[in-house]
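*Asks:* What Swiss-Prot shows for this protein is this:
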- 8, 9, 10, 11, 12, 13, 14, 15, 16, 17, 18: ATP binding site (BINDING)
- 188, 197, 200, 203: Zn(2+) binding site (BINDING)
């Protein structure tokens, strides 16, 4: 039996990964992390989507210690979430230091216990928003360390790594779930479901990608299929 574990936040990217994983694996588990994030609604959204889409198990892990250590606008109410700034340089204050290091490592422990062959994460270098822990180089390095530490090669799959947001929308549409991803996921840094607040960086990346996809569905879909190797419809 092919078994995978999805690092699942209930946002656009991880939900798209879950939708695809359910088509490619016999059994899919989801792991969501409670790290005292600013908007706890994302945990509820993740629970609802994991159940609705048919994950065989959904584990919510308490890692609130991260909140004490990692100062970010996503972990502190007194640090405002910045509006979208397309020309901004450096690491944004929405970056939570160590988050993906911790999430992937703990998910690997869970995957080891349930005998999963793969961990799937929605990190993306194309639209990585300045987050160093979304880079391909980082994921490969951590995979190497985890494989050594567990003496087991659990694959780290990153299906969105080289897709832009328009192509990520195309991937959701390829699997027939564009409307669900648009209406029922929570990507917004201000905690608003669906199309979100429209002001933060996450909402702007998401909206711009959707508009680009809807403006040229055939072309974007073709590029996505070429990048991912998915069959033409």
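Keep in mind that glycine also has a Cβ here, set from the backbone N, Cα and C atoms.
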*Asks:* List, in sequence order, the same-chain residues at least six positions removed whose CB sits under 8 Å from that of residue 197 (Zn(2+) binding site)?
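*Replies:* For residue 197 (Zn(2+) binding site), the qualifying residues are 188, 189, 190, 203.
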*Asks:* Around residue 18 (ATP binding site), which residues of its chain at least 6 apart sit with Cβ under 8 Å of its Cβ?
*Replies:* 6, 8, 28, 30, 49, 50, 53, 55, 120
*Asks:* Measuring Cα to Cα, tell me the gap between residue 14 (ATP binding site) and residue 200 (Zn(2+) binding site) in whole angstrom.
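*Replies:* That comes out at 19 Å between the alpha carbons.
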*Asks:* Whole-number Å only: compute the distance from the Cα of residue 200 (Zn(2+) binding site) to the Cα of residue 16 (ATP binding site).
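*Replies:* For residue 200 (Zn(2+) binding site) versus residue 16 (ATP binding site), the Cα atoms are 21 Å apart.
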*Asks:* Which state, by DSSP, holds residue 188 (Zn(2+) binding site): helix, strand or coil?
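*Replies:* DSSP assigns residue 188 (Zn(2+) binding site) to coil.
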*Asks:* Suppose we draw a 10 Å sphere around the Cβ of residue 12 (ATP binding site). How many other Cβ atoms does it contain, all chains included?
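*Replies:* Other Cβ atoms within 10 Å of residue 12 (ATP binding site): 26.
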*Asks:* Please list, in sequence order, the residues in the chain of residue 10 (ATP binding site) that are at least six apart in sequence and whose C-beta is under 8 Å away from its C-beta.
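*Replies:* Those within reach of residue 10 (ATP binding site), by Cβ under 8 Å and sequence separation of 6 or more, are 32, 42, 43, 45, 46, 47, 48, 49, 185, 186.
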*Asks:* Under a three-state reduction of DSSP output, how is residue 10 (ATP binding site) classified: helix, strand, or coil?
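*Replies:* Where residue 10 (ATP binding site) sits, the three-state DSSP reduction gives coil.
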